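Engineer: The following feature annotations were taken from TrEMBL:
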- C:23-44: transmembrane segment (TRANSMEM)
- C:56-75: transmembrane segment (TRANSMEM)
- C:95-115: transmembrane segment (TRANSMEM)
- C:127-146: transmembrane segment (TRANSMEM)
- C:166-186: transmembrane segment (TRANSMEM)
- C:215-234: transmembrane segment (TRANSMEM)
- C:296-314: transmembrane segment (TRANSMEM)
Amino acid sequence: MTTDTTEPAAREKDASPGAEQPQGATRSERLTSLAQQHGALVALLVMVLVASLSFDSFLTGDNLENMAVSSAFLAVVALGMTFVIITGGIDLSVGYVFALGGVLAAWGSQYGTLVALILPLAVCGLIGLVNGLLIARARLAPFIVTLAAMLLARGVLLSVTDEGSTTYLVDKDAFFARLGQEKLLGIGLPVWITVALFGLGALVLRRSRFGQYVYAVGGNEDAAALMGAPVARTKIAVYTLSGLCAGLAGALNAAWLMSGVTILGTGMELEAISAVVIGGTLLTGGFGFISGSLVGVLLLKVIQNVINQIGSLDSAYQQVVSGAFLALVVIAQTWLGRRRRML
Amino acid sequence: MTAAPDAPGQPPPAQGTPALAVTSLTKSFPGALALDEVDFEARAGEVHALIGENGAGKSTLIKVLTGVYQADAGRVRFLGDEVRFGTPLEAQDAGISTIYQEVNLVPLMSVARNLFLGREPRNRFGLIDFRAMHLAADEALRDLGVRVDVTRPLRTLGVGAQQMVALARAVSVDARVVIMDEPTSSLEPREVATLFGVIRMLRDRGIAVIYVSHRLEELYEICDSVTVLRDGRVVHTGRIADLDRLRLVSLMLGREMGQVREEGLTKFSGDHAAAGEPVLQAEELTLSHMLHAVSVEVRPGEVVGLGGLLGSGRSETAKAIAGALPPESGRVLVAGSEVRTGSTPAAIRAGISLLPEDRKAEGIVPGLSVRENIALAALPGLSRFGLVDESRIDRIVDTFMERLRIKASSPHQKVGELSGGNQQKVLLARWLAMQPKVLLLDEPTRGIDVGAKAEVQKLIDELAEDGLGVLLISSDMEELVEGSDRVVVLKDGAVTAELTGDQVTEDLLMQAIAAPLPADAGDGAGTPPGPRKEAGDD
Amino acid sequence: MTELTLRRSELDRARVLRLLQDYGVYAGVAVLILVNVVLTPNFVSGENFRTQAVQVAPVMIVALGMALAIGSQGIDLSVGSVMALSTSLLSLYLGYGPWIAVLVAVIGGMVIGLANGSLIAFIGVQPIVATLALMVAGRGLALVLLPQLKDVRDPGMATLGSGSVLGIPYLVLIAVALAIAVAFVVRRTTFGRQLLAIGDSRPAAQLAGLPVRRVLIIVYVVSGALAAVAGVIATARLTASDPTSLGTLMELSAITAVVVGGTPLSGGRVRIGGTVAGAVLIQLLTATLIKHDLPPSWTQIAQAVVIVAAVYAARERGKR
């Protein structure tokens, strides 16, 4: 998987004397961009190292597989979120859209695997589409539109489950259940699906024209419009994509749990945003990469695992840590951003 | 995938044929006629200067040409065909590219991605072929004589190089007309030289370049012809070589050399009895790219004018004194004691008040009432224990509304709904309520109607007579000359002349403004780089 | 001439829109009350009014702080988490007596607000982003302090939760008093004027020498304090501390109340009366749907529609 989007600034091939660039700025530029691109990876490696030295149970196959599967669902949500944040937007609806996707999949599984997959994708994609239309065409603020969509998703979720009193179960013999249960080379299918989706996502973001538009819209919307980028369509597409990702993650989660649990997904939007931002994507838009989000998700999950391993600590510490992490990363980004403007 | 203009599409028009021509173009905004029957023609293979002071209409003209605004009347012909652009994109697709001062690209994306956004070369799987793209980008830039690493994020390049990328994009999208809006305002001399090389290359390829700048030296160096706008009208068009500097300046400013002038066109009464120690001393203010050791003194009861063209550093001087721009070096003293620079509250406490040039964005608080706008700065003094003393505010507001003859339906009317003149008076009232020692007035009468203008001028006079020190910035020569006791002339961010007593005449002021820069300017290191464009260009 | 008449009709349209935005919320409340009086059995009873008022009190208090944040051209997404933190602190410190506990809870909210305000005013982080970070951290902190639901059995809190004077519950009195206090601050104090000026035009406020940073920090500290008070009140009413679910989606309800009440998201205007009415409107809407046996899911969908509609309607004004 490719890591960078803006090409390593370290490529020396054309640093000819005639190049019109402030040479002094290059080194610090390079350092900050390195920190931004690989800071989360370094933190992850350090965490893993410390954890495996401290807890014998950390580096066991079971624990790793467990972490991988539980990361998978958040990772798929974060994948969609990465696209949204690179355009300079935000999607606060994904938590409940994720839960809705799970419930719809569990309910739909009684009519076959196809329904179990298509129904959540259609409904969640539609919610994302409406988000996108309101944001791109009616020009409403993303945070408020997606907050409202969160409420809408929750309302639909409650009404589907008789106000939360019904839990739909997935028949364990159904093909759909196997999507969540089956293992390939000892690793759960959801993990493989997630890896495939990330590969595809990275390819789209990096190598497709749509991906270029995503960066351009987030980097400078007016300039992007002047350069002929379809700004509104790009925004509509990313919010739809985010809805689809959240719905799919919910469906996979239902297949794994073999039921549609209504209370899942609360606060997931915050986890997803944290993961994306910790992974190096700028909340102000225009810069970011898919692999960083994956690293961010893994970092959050390893922290969670470590907190669980300590045992005496409550799992809520994870939220404190990720909130603090988020705040630190945002402060760093703001400072770096300001320095850049001074250059 | 080549950068040359003779790629697909029509062949380049023959040198000298009209590329872009407008006739009888008229555009008005509520309360103002921005363009009045303007005729303008840019020919293929020429660099055409478009100049005028603030409010002359050049920005409006450019915006009509590029599809940002729609003209009320008149015709635009592009390569012989009548056109009407609904959006900037349409104009650009047709072949009119605009290079703005603020480079309109995506700073976080690489040079190559910026060059090829929306036109990326793709392989047979529909994926972007970065190798081909980088090669083509490299070639396009080399073609303009620029060598940069095209894989670097655009923002890591200098402003000059960024502008080159914008130019390369313009050329590679097959532009026939390139409009450049003050392209050199933040460039180093070396970058200016490169830019000029590229402009000449474009010209030789049959592209029409429309060049907006306030730097006279540049105009004479790079432009073939010139169109001067004033008050929305074309006052001159022709070859620039046929026009000497002084004549050009007088056309821009609308004052004839040696013109017999009736006295008293403005409401200024004349000289003030300025006496005593200076109330304001600004010493050696330096601000990168903008000001170079600018010093100004104002005595109580004196009106000192700051002369110079747009972009000469007038507004920056005022803002640096008022604490709104932090100078890198230099001191500001009020009545002999030093004021902390870079802090608006400190400057205000010391008795410095600034009426900013951009009244709408930086002056008034449009959604608040006249009353609240007047009381805004003085609020802490009009409050007890954090509670606003309404009756004292009412008294002050009544006093100033009467004294400054502010016309509003009531003190509770929103300032955003008032006319420009009354907005300006509200701002004056806001500062007078602070009982300042020094008033910095940046274009106090711009964009306000004749009657209100006279009133504001009279007020300035009265204030000076009451013992205030006034620093007056104005593009209106007449206002500057008649209103000021002394005029300090700025050029490219440095003081170049000072006119006192009998020297304060329009003729001498114009000569001072038109005088070429000292010989050492424009080459070698350490010369003053040009100032930025002043905020709020019309 | 035609241009003049055109402008006049534009003015009329703007005026109608403005009236709708300013007073539409009161009309909405009136209509809902009327509908309920006619259609809902037992709507007109002291008991019902008390119930409705007690239920709306926390939202209303949070919305007051949110109105200040929005008036300064910002937003505070951390309010729900502050409520959770407040309830955790409250139950932890109840051993020292209710007054100390309430004080600690409110101080906790102010600290979160201070963090928000510092990020926004000094570092220049966008309000959405800064308060989002504290939304995550605040909820986590609340859960760290009090991992699960805990009953609150303090006589003082019980009195606060269910006591009343002259038939008016204490909770409602507190909410009304706070609304009056905030309205007073907005209208009568230097701080209020400066806040509106900063929200309307930050550059102009800066050039006029206003203490922009100080005002912004105070705004978020006040918002944090009010959210903490709302947390205390909700705890007293529920007689339990539940940091897991208390205050979830509160930011949305508060924003809805503020926006429906005619405060534009673009800043520069704060309508406290409208905000109070906005909170009442949402409460009445929910109550109406519930009384007519529509499930709670419907009220959420209805609220989602109301907020999008309100923001959409306010959009025209924001563009000035």
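Quick reminder: no glycine exception, Cβ is built from N, Cα and C everywhere.
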Engineer: Grab the same-chain neighbours of the transmembrane segment (C:56-75) for me: Cβ-Cβ under 8 Å, and only residues 6 or more beyond its ends, written as numbers and ranges.
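Structural biologist: Same-chain residues near the transmembrane segment (C:56-75) but 6 or more away: 83, 120, 127-128, 131, 171-172, 174-175, 178-179, 182, 186, 195-196, 198-199, 202, 215-216, 219-220, 222-227, 229-231, 233-234, 237, 250-251, 253-255, 257-259, 261, 263-272, 275-276, 278-280, 282-283.
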Engineer: Counting only residues 6+ away from its ends, which parts of the chain sit with a Cβ under 8 Å from the transmembrane segment (C:215-234)?
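Structural biologist: Same-chain residues near the transmembrane segment (C:215-234) but 6 or more away: 57-59, 61-62, 64-66, 68-69, 71-72, 74, 76, 78-80, 82-87, 90, 102, 105-106, 108-114, 116-118, 120-121, 131, 160, 171, 174-175, 178, 182, 191, 194-195, 198, 246-247, 250.
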Engineer: By Cβ distance under 8 Å, which residues at least 6 away from the ends of the transmembrane segment (C:95-115) in the same chain are close to it?
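Structural biologist: Here the qualifying positions are 76, 78, 81-82, 85-87, 89, 134, 138, 154, 156-157, 160, 217, 220-229, 231-232.
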Engineer: In the same chain, who gets a Cβ under 8 Å from the transmembrane segment (C:127-146) while lying at least 6 residues past its ends?
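Structural biologist: Answer is 69, 74-78, 80-82, 84-85, 87-89, 91-92, 112, 115-116, 119-120, 220, 241, 243-244, 251.
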Engineer: Near the transmembrane segment (C:23-44), which same-chain residues lie under 8 Å Cβ to Cβ, leaving out any that are not at least 6 residues past its ends?
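Structural biologist: For the transmembrane segment (C:23-44), the nonlocal Cβ contacts are 260-262, 274, 277-278, 280-281, 284-285, 287-288, 291-292.
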